[in-house]
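K.L.:
Following this message is one structure expressed as structure tokens.
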Amino acid sequence: MKLAWLRSLETAHQDCVWACTWLPPTDKSSGLLLTGSLDETVKLWNPEDLSLVRTNTGHCLGVVSVAAHPSGRIAASASLDSFIRVFDVESNNTIATLEAPPSEVWQMQFDPRGTTLAVAGGSSASVKLWDTAEWKLVSTLSIPRPEGAKPSDKGNSKKFVLSVAWSPSGRQLACGSMDGSISVFDVQRAKFLHQLEGHTMPVRSLAYSPLDPRVLVSGSDDECIHMYDAEGKTLFSSMSGHSSWVLSVDVSPDGAAIASGSSDRTVRLWDPKMRAAVQTMTNHTDQVWGVKFEAVGGGARGSLLASVSDDKSISLYNYS
Amino acid sequence: MACVYIPVQNSEEEVRVALDQLPRDATDILDILKAEQAPLDLWLIIAREYFKQGKIEQFRQILEEGSSPEIDEYYADVRYERIAILNALGAYYSYLGKIETKQREKEEHFILATQYYNKASRIDMHEPSTWIGKGQLLLAKGDVDQAFAAFKIVLDGDRDNIPALLGQACVEFNRGKYSSSLEMYKRVLQVYPGCPAAVRLGIGLCRYKLGQFDRAKQAFERVLQLDPENVEALVALGIMDLQSNEAYGIRGAMEKMRRAFDIYPYCATALNYLANHFFFTGQHFLVEQLTETALAATTHGSTRAHSYYNLARSYHSKGDYEKAGLYYMASVKEINKPQEFILPFYGLGQVQLKLGDFKSSLSNFEKVLEVYPENCETLKAVAHIYLQLNQTTKAHEALKKATRIDPRDPEAFLDLGELLIATDSGAALDAFKTARNLLKKANEEVSIELLNNIGVLHFERGEFELALQTFKEALGDGIWLKLMDTEPQSDSIGDPIRNTLYQPIDSSLAARKYKDMQLFHNLEKDGISVDLPWDKITTLSNLARLFEQLHKTETASLLYRLILFKFPEYVDAYLRLAAIAKSRNNVPLSIELIHDALQVDDKNPDALCMLGDLELKNDDWLKAKDTFRAAKDASNGKDSYATLCLGNWNYFAAVRSEKRAPKLEATHLEKAKELYTKVLIEHPANMYAANGAGVVLAEKGQFDIAKELFTQVQEAASGSVFVQMPDVWINLAHVHFAQGNFSLAIKMYQNCLRKFYYNTDSQILLYLARTHYEAEQWQDCKKTLLKAIHLAPSNYTLRFDTGVALQKFSASTLQKTKRTVDEVRATVAELKNAVRVFSLLSAASNLQFHGFDEKKIETHVGYCKHLLEAAKVHCDAAELEDQQNRHRLELARQAAIREEESRLAEEQKKVKLEKRKQEDELKKVMQQEQHLERIKEHWKSSGSKRKDRGQSGDEEGGQGERRRRKGSSKKRKRDKKTETHMDDQDEYDDDNANTNYYEPENQVNNQVNNDEDDPQDLLAAAGLEDSDADDDPGAPSAGRRIRGWSESEEDEPEKRPPNSSPVRDNSVDMQLSDGD
């Protein structure tokens, strides 16, 4: 289990890079890396040499989130102005512009089958589900108000939703909130299942293990990475070591490792069995907002990991 | 059978007297002697016989009768015999005087003896035996020189006179002229080979003194051959055996001493040596008996000194320092020159040191050093005293010398290290390391305290890996290894501890895991013993602190909990756990943990301060104040941290007072200043107090002095991993900002963000944005605000500010007389963004979750719509720009005017509506106004009157008295080991802990927002149509934002108690109670 640095691109964007994801390969193109930045652009990169494939404009204010459809043909990007732009990867034609005021848009993710786009809805304390055929809002999964809360209480502001993740089966969905709680929903029944506690500060990133649908990994401003049993409501382990906020987590395609990006400017690789970081990459010089494994591993040659940072750069590593 | 025959007068007959059958009553014999007018030599023979038989009374009776005036008359022509009788009496009284211990009787005897000798001299002043007697008498009286003269007279007449030779030898011996003494003894032996054994004793002693030990030994052995009961020879041989310094020799020596004691129980020297022996075998009762006997038996100064010394030492080792001191003193009094016998001086020094009489102790140790200038033990003791007397330079010198003299003495290096900790941690570390290496080389155990110290120093210097290794070495093997070893272990799967440790826990309990002890109960249930020796607590706690520093928080919390599991009284562990919980924003748990700590010690100032801080965080102002007061009282006002907290409280109270009351504000500020000053007087190097003082100064508009103060604090704060003072950077930036020095302020904010916060603090980003705003760097301002939103997504104030910034940018661009098409397009785009931001805010207001007044938001919506219209106009204008430049300009102007008007209208309405919800903001705004006035006055009149204090407060900031050395008085070497380690980090942290502050989160206010709401703006804008009036509240108001404290300090050690020794004591107690 190790990371090998492959290449980096300084000044990939004009400003902080805040989001990244991998576009699955299609019959026309191999897998591409998609990044979003404070400079209001979304860029597509060829991972082979980190050459720029295209720059998408059209967003105002910073791009906070990008999502790739499992087909690899469609992608979505969202910015601080709460607009989601859904576009055709190949042509860059806008397929849809989504907004659900007053809900903001933070993290987004397509479900594994590609029928639904889940969007973390910030202050609405809910996850918005968009149908990808009609591009209509089909469901709002709201976090229930805590018991005993008076209706006059100011909203559910502590439950401000920042992050979202689909279970590999697509049946479950988890979202992380400002107060550190993680809410788990049954999507088909549109039902809130339970809350996972343990973090005490905003949960900015969530990821299910691709192999074990029970295992949910979370990263929080409290500097910890937690591994939960999302169904059994138990905390497997809590891993500390980052010296600042954990901004992004992802589980490797083989399910054996966790990658994390942090405000402490490092990318770390964790061995969940040992509950310890096995490797620390220090090539970034500012907060690392995104780490993402390429979903389809390349077999023996391992799979790619991308990281993006406030230092405007993108880095690629080989995970094996 | 020996007989004497007394001739019967006028006849041929004789009376036969058998010497062994002398009558008990001497009168019978005297009658015969007198009646028959017996020759005087017969008198003497009979008297001597009585003496030999121990019948002293009879002996004296006969001799006194024999020297009576009638005898003198009757035997006037018999000179020699009369002299002999007188001399015998003189010798008798000399002897009595010599052995008498009571001074008065002694002198009476000597006077009698002198009288007899003088009488003898009157009969014949040339009689040698009289001179010899006189010489002996003088010797007994200690009058060596006169004795020499007396013996010389005899020897001048007859150089082989044996008694005179012996006497003279004795004189020479006493004068220290051993070789000439030896010559005399030898001559005696030549002249009279059959002389008594005692002569050879003299030879032995001379040779001994001359350093010819083998020959001395031969002599003593010869004495014993001749006289097996010769006590002196036995003692002398014993001493020589002792000096051989071999176990065998020592046993033999004690055997000889014991024999001497059996033969003659009053030989002081033997008694002393025996006492010495029993001292080492620990039989103090015997020591006291023997030495008391010895003291009773001798008047000889140095022997008595030894006896007193033995006695003192015995009490000393029993811990009775008062008595020991008295006897050492007595011993010292018996000594003429310290060179003769230095030990009691050393002992006295030790006891005085123990009793805290440093000055006397020092003078005694210095006496030792005069004799032995290179004695390391003494040097160390002296160094210790200097340290107690605060003369660190001298202490340093002494220790340096000690380490130079004996570079292999780990003790000296240990002491040196401890001394240097306060001033030079690098050198201290070197000294400690040397000590460790020396101990290792000698295969001695390296104490856990030493390793702990080394670890702490590494820790302090930021050498975490080395610190970790050292702490691990100090702790050795134990359950903690399993708890902390996060390194991959091959057998980890089957390991029961790991299994227990890795038990999944219910997520609803996860947030409370810092209180979870179940883990250890489970381990014990599984049959794994959870052990923690009490002497390892401190180091373990330091190690946990190190893990915290390394952000291995989980491990740290496990170790703290382990400590608490075994020692629930260890307050620091609660406090550290509370600090961890707090840094994770888990305030309720943190408070709970502090309450746990307070249950152990409800007066713990650290716990109280932390509690107060958390109460501030919860916006519990009055409660917080009470808590801080309690903390201050609990430490008798000596805890500068508590004082500082109160100072901070007052400052915050001044800045945020609920009702706008300038008087109250001034009172609070004044009080804050007073408290800071108080701390600074006590600890001139306290950076936090200096920072606080700077804040108050800045608050009063004295920016230059404040800046100077902050700069110095900033310099001082760099250096230690335990001192993190981002506040001072922020304050400095605020001052630059207030003085209009925007670029410097921006740099300072950015550096602070990067250096202390990993760029994650949205509040500082807000300060930064505000500075960009004032500097009219609109793009930077916008980007900064966007970054802040990204970091703090639920902070709607930031969005509002972004909207304002965008709109401000557009307005200012549109007002420009010359502008390019691109500029206008960008302006329109930004206006659209602003509209978007405001309308989103408006939409969100339905959900009521950002705390803005609903109506206020509605007014904003309305305003935004106006903006939107204006924007449309601008859009059209931009399209026309290329052809109709002038026309477009006009339109733009109109748009700007309209925009201003509408905005004003909106704002006025808003101000009214807002009043309830936005009272805080309003108050601030008004305060700012007042500030402006006040500051303006200050600008005019501000002199440098506060300058002095500012400087004094900061000058020594660099080093600080962060560490105070906890004195444990130095005893002898072996005691010291257990006492003088500076045993943990506490001492370093001590003052750090004292100097932590926290900023209540709620201090956050929407600064940029203020501009929007500033009534001053309204007035200005109403008068002038220039929208730039917005800028007015600028510079001076920044003082308002200066903040004195930082959250980042929270995880700084508000921990351990200042004193290490109580910790240990507690631990012992705990262990005992555990045992129950």
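In case you wondered, yes, glycine gets a Cβ from its N, Cα and C as well.
Unlike curated records, TrEMBL annotations are generated automatically.
TrEMBL lists these features:
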REPEAT    B:128-161  repeat 'TPR'
REPEAT    B:197-230  repeat 'TPR'
REPEAT    B:342-375  repeat 'TPR'
REPEAT    B:376-409  repeat 'TPR'
COMPBIAS  B:900-940  compositional bias 'Basic and acidic residues'
REGION    B:900-1076  region 'Disordered'
COMPBIAS  B:962-975  compositional bias 'Basic residues'
COMPBIAS  B:999-1009  compositional bias 'Low complexity'
COMPBIAS  B:1061-1070  compositional bias 'Polar residues'
K.L.:
Counting by DSSP, what is the helix, strand and coil composition of the repeat 'TPR' (B:128-161)?
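P.N.:
DSSP classes over the repeat 'TPR' (B:128-161) add up to 28 helix, 0 strand, 6 coil.
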K.L.:
On the 0 to 100 scale, where does the mean pLDDT of the repeat 'TPR' (B:197-230) fall?
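P.N.:
Result for the repeat 'TPR' (B:197-230): average pLDDT 80.
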K.L.:
Which residue counts does DSSP yield for the repeat 'TPR' (B:197-230) in the helix, strand and coil classes, in that order?
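P.N.:
Across the repeat 'TPR' (B:197-230), the residues distribute as 27 helix, 0 strand, 7 coil.
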K.L.:
May I have the DSSP-based helix, strand and coil counts for the residues of the repeat 'TPR' (B:342-375)?
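P.N.:
Taking each residue of the repeat 'TPR' (B:342-375) in turn, the totals are 26 helix, 0 strand, 8 coil.
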K.L.:
In the repeat 'TPR' (B:376-409), how many residues does DSSP put in helix, strand and coil?
P.N.:
27 helix, 0 strand, 7 coil
